[in-house]
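Enquirer: Below are the features listed in TrEMBL for this protein:
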type	residues	note
ACT_SITE	C286	active site, nucleophile
BINDING	C149, A150, A151, P152, G153, S154, K155, D180, D207, D233	S-adenosyl-L-methionine binding site
COMPBIAS	17-33	compositional bias 'Basic and acidic residues'
DOMAIN	50-395	domain 'SAM-dependent MTase RsmB/NOP-type'
REGION	1-36	region 'Disordered'
REGION	676-707	region 'Disordered'
Amino acid sequence: MGRRQRNRQRQQQQQQQRRERGGGGDGQGREQGWEGGYPEIVKENALFERYYRELRIVPEGEWEPFMAALREPLPATLRITGYKRYPEELAWHTNLSRKILRKSPQLEKFHQFLVSETECGNISRQEAVSMIPPLLLNVNPHHKILDMCAAPGSKTAQLIEMLHADMNVPFPEGFVIANDVDNKRCYLLVHQAKRLNSPCIMVVNHDASSIPTLQIDNNGRKEVLFYDRILCDVPCSGDGTMRKNIDVWKKWTTQNSLQLHGLQLRIATRGVEQLAEGGRMVYSTCSLNPVENEAVIASLLEKSEGALELADVSSELPGLKWMPGITQWKVMLKDGQWFEAWKDVPSNRQTQIRPTMFPIKDEEKLKVMNLERCIRILPHHQNTGGFFVAVLIKKSPMPWNKRQSKLQRKLSQRTGEISVSAAAAEDGSVEIIKEPPDAEDEDTKETQHLLNAESEQSKKDGVCGPPPCKKMKLFGFKEDPFVFLSEDDPLFPPIEKFYALDPSFPKMNLLTRTQEGKKRQLYMVSKELRNVLLNNSERMKVINTGIKVWSRNSDGEQFGCAFRLAQEGIYTLYPFINARIINVCIEDVKVLLTQENPFLSKFSSETHKRVKDLAMGSIVLKYEPDPSKPDTLQCPIVLCGWHGKTSLRAFVPKNERLHYLRMMGVEVFKAKRKEENFESKTEEGDQDSTKNTISHVPGWETAAISS
């Protein structure tokens, strides 16, 4: 019995067990619209209602609609990937539940479309409010971006799309470094990012509250890497997600927010330290609680001593309904006890409650902070989840970074080296203090000299290995090193000749994951990410970077090149390729995408002539639209192919094949519903619902995305 058949039988057994636990098919006693078989969760929580009624985050007279919305399933939403320009109607929602989408015979074709297009990166199933933080970052293609708590990666995907706003530029100057503390979730993040085939994304694995300071080389001089944009979407209690995560109803307590506040403040503090002057950081949570929201922002603004400013973004998302941030709130323990100020907290409670959780009492300070510029999104206003967003602008260095003496600053500039230490502040947060090596410590200087020499040798060798083994115990799987091709690597000239690569091709940006033995895959990164990798291999745990552009194919050696083109990287490579390009007609494309290894006789006479005298091996198959035939496909397609002795085939992943065929009007739907579970690991907002209508999200997503 094959593995696929065993998996299929296991899924059928699990489905049968769920039906048996459910006690019948009438759905009674279960949450409507959810997979049956589980006890109903009562959507009531007296402490939740008492807490938020008292804080008055909901406008007068709107409490009942607010609670009613929380008890309704969240509409499923999807976003169409936008590159060259953001089209109108980019984000859509449906009131269909995931169960109906998956089980209804009438919607089977639509469901397969969603799964297929999600897998090949053309759509993302993402909650509507989750789309807001990247939009407010106001990203341009040259920006250096840090996503501090990135998994599962829906927002990261948005950031990548914004970098590639102009598809005519294969290597934007900017990049995204996407970080997550959870090693396993980092691989989910890799899967999400890989769908977009970008050479400008790097996934790293660190605690965001102590993410290392990185360096870059600027004309032979080391400089600290400061980011133009930072997304700080911190871990939170998640009470804004009650519509999709119904477990929150029974588990909610104020204790969750009290425990997370310190971590959220440390992460936000670390973020603004790494932000460039004039840069923008978006702080966001899917919580409604001011302890996780306004309290963090107010504390950050106070300790910044004017270095940070809350931006007024009220006009940046026209049509979005939101509530301004609040300036007064109280703190409550899980037993229902309230405290209005830090002075009221007894000593035995001061480990649970911290001073930074309370509002600022100084009216002048409070006025300057402009906390009303924060954005709180309530579920009943636009049929969404609950959310909080604040946009911070950095006007000058953080005060604790400016307190170095002139001598220290000179030493720092001269050595280009920075050591980072953490000091606990009175409020329990961690401030990162940057210090140069002690000028009087000869042992330190010698050690630093040896480290620099080792780092420089690694750079010359083009090897960016993983962190030292002693650190690997802190993480998950051990990663292979990143090895850049050297100037004289004998592997490259045959590739360069075979594909007639343009002299401008950045071959120094090619890398492999193998230090010894045969190189089986060649990847490519932008020169900016190469700079980051070469100068920080000992500082950071890199999970993945680069886009695959060539794969070893031993059959190709006899034709002059052992590496065939990879479809993932073809749009990055194509501008540099000057040979082995075959223009094909629309009918040829259909043959290539519907037949596994078609004979040359299947193709048009023009295509047959073009390949007749061409050496066998990897080729580029290019379709150019014909404006005189408006009924045919009007966008170009570039495919990786292989020219054999009697055949011509395309190396294109299945879901991408289906995408192109749909664009050409070819029916790709199969009536027999597949039994495999198409649960997408990349989704963030694929929600259950009980209604069965499809409509466009009213106004604000389209207006915001196209602005």
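Note that Cβ sites are derived from N, Cα and C of the backbone, with glycine treated the same way.
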Enquirer: Could you please provide the mean pLDDT value for the domain 'SAM-dependent MTase RsmB/NOP-type' (50-395)?
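Expert: PLDDT averaged over the stretch: 92.
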Enquirer: Tell me the Cα distance separating G153 (S-adenosyl-L-methionine binding site) from the residue listed as 'active site, nucleophile', rounded to the nearest angstrom.
Expert: 15
Enquirer: For G153 (S-adenosyl-L-methionine binding site), just count the other CB atoms lying within 10 A of its CB, please.
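Expert: Looking across every protein chain shown, the total is 31.
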Enquirer: Have a look at the recorded positions (C149, K155, D207, C286) and report the one with the fewest Cβ neighbours inside 10 Å.
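Expert: Comparing Cβ neighbour counts within 10 Å for the recorded positions C149, K155, D207, C286 gives D207.
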Enquirer: Tell me the Cβ contacts of A151 (S-adenosyl-L-methionine binding site) under 8 Å, same chain only and six or more apart in sequence, or just say none.
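Expert: Counting only residues 6 or more apart in sequence, the Cβ neighbours of A151 (S-adenosyl-L-methionine binding site) under 8 Å are D180, D182, R185, C186, L188, L189.
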